[in-house]
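Each remark here refers to the structure printed beneath this line.
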Amino acid sequence: MTSSEQKRRGGETMIKGLKAALGAATLGLLAGTALGASPAAAQSTDSDLVTRGAYIARLGDCVACHTGLHGQTFAGGLEIKTPVGTIYSTNITPSKQNGIGNYTLQDFDNAVRRGIRKDGSYLYPAMPYPSFARMTDDDIKALYAYFMQGVPAIEQPDKPVDISWPLSMRWPLGLWAKMFAPAAKAFTPAPGSDPVVARGEYLVTGPGHCGACHTPRGFSMQEKAYDGAGGAEFLAGGGVIDNWIAPSLRDDPVVGLGRWTEDDLVQFLRSGRIDHSAVFGGMADVVAWSTQYWTEDDLRATARYLKSLPPVPKAKGDYTYDASTAEALDSGKTAGMTGADIYIEQCAICHRNDGGGVARMFPPLAGNPVVATDDPTSLAHVVVAGGVLPPTNWAPSAIAMPAYHKLLNDQQVADVVNFIRTSWGNKAPANVTAAGITKLRTSNQPLGTQRGWTASSTNYSSWGLFPPQPYGNGWSFAPQTHTGVDEAK
């Protein structure tokens, strides 16, 4: 009931007859709205629902997948290379000819939470419907209202998949869904749970679909766990995506979030940068297009939930800084330190001799989980292809790391990567070879043993899971849930 209606009903000084009359009038008004007798009230309700749906779309980062490189918002066309072939994201604007304009709410619900298209065929699980399966009915309704009423229809046909027969047949996708995807069931907090943590669990496991990247996958490309009930594998670090490794989000002090605070996570998700880390790869688009727009409460809930997950066995013990590398670089005594001279010439100006970087600009390499992980693909890839720290409302400066694939040969890249992985207390194996860098550079083959997904060919401007969008084009950085003030201090 609206506040104006409450005021009309309220007032202890009003006579009982007037109160009764007002109550009857209110019931009549509500009934009239339900029957369409009050278009203005219904329009206001729809507007509120559309606004909420726009925020749900931000939570789910729908735009990142469903917008092609330099394409029109939500019109699809993003190329995604999978182990079985190439698929393209679809047009989800309300176009009746090329989009989802003919979808009912039930059709939309089936697609988002069950992976079933209007024609009854199954979607490829690149669409994270196993995570969306736990979205609430209210969020689905709001999201539907947004796409039907708040998004312009764009007449762009979907691109056909490029997968050879028989793998192009869709009926096996239904078997995959029945075997591996959880049933569509709205998330319900555990009895007695902290409401903030519960909200964070919903965001992480539902619309935020963090596990789609950060949870390891099995032989059939299914996530090995969809929530904390899955044990230590949940959010323990995913596979290779566009030659980036999605790191662990568990409480490991070397390769995870063990040395991060709740405040670190909040600031990282809304600005992409904190004193000891900076966003890279596909996560850069997640921050730029999604998490920077989350409310403070939702960011806090997400951080608190991640920090509430039970500890996992330490993969590499604890990290202790070793100053001997900095001392050698400062003194020039680098004889016998393969890769050290390259580091001084090409890397130290930003990442410093002590490996500490520059807070909120150039991430430290000392103790960095990306450096410490066994698989060196992410570190090698950022040296070869470069990267961009995207602008956000909270930190409006874009900062780029140059690509060194033309400046350094493959042996030099291997040497400097191995140097970084074994310096300042980092204890990762020095297992990068020139041959591995050649494959990474020319064939997009990751250095580790994991199979990978990619959203681009060998294109050094495409540095993420989703090729870098023209930030601010289509979805501007006009303040929405935030003030736009850079709080990086």
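Residue numbers in this text run from 1 along the chain shown.
Placed from the backbone N, Cα and C atoms, the Cβ positions cover glycine too.
TrEMBL labels come from automatic prediction, so no person has curated them.
For reference, TrEMBL has these:
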| type | residues | note |
| --- | --- | --- |
| BINDING | C62, C65, H66 | heme c 1 binding site |
| BINDING | C210, C213, H214 | heme c 2 binding site |
| BINDING | C347, C350, H351 | heme c 3 binding site |
| DOMAIN | 48-151 | domain 'Cytochrome c' |
| DOMAIN | 195-310 | domain 'Cytochrome c' |
| DOMAIN | 334-424 | domain 'Cytochrome c' |
| SIGNAL | 1-36 | signal peptide |
Within the domain 'Cytochrome c' (334-424), residues counted as helix, strand or coil by DSSP: 36 helix, 8 strand, 47 coil
Cβ-centroid neighbourhood (8 Å) of the heme c 1 site, C62, C65, H66 excluded: G60, D61, V63, A64, T67, F74, G76, L78, S89, I92
Residues near C210 (heme c 2 binding site) in space but at least six apart in sequence (CB under 8 A): V204, L235, L249
Pairwise Cα distance for H351 (heme c 3 binding site)/C213 (heme c 2 binding site) [Å, integer]: 27
Under 8 Å by Cβ from C350 (heme c 3 binding site), same chain, sequence gap 6 or more: G357, V358, M361, F362, M401
The domain 'Cytochrome c' (195-310) - residue tally per DSSP class, helix then strand then coil: 55 helix, 10 strand, 51 coil
Euclidean distance between Cα atoms of C65 (heme c 1 binding site) and C213 (heme c 2 binding site), Å: 13
Mapped DSSP class for C62 (heme c 1 binding site), helix or strand or coil: helix
Residues within 8 Å of the C347, C350, H351 Cβ centre (excluding the heme c 3 site residues themselves): Y343, Q346, A348, I349, R352, G357, F362, L365
List of residues, in chain order, with Cβ under 8 A from that of H66 (heme c 1 binding site) and at least 6 apart: F74, A75, G76, L78, S89, T90, N91, I92
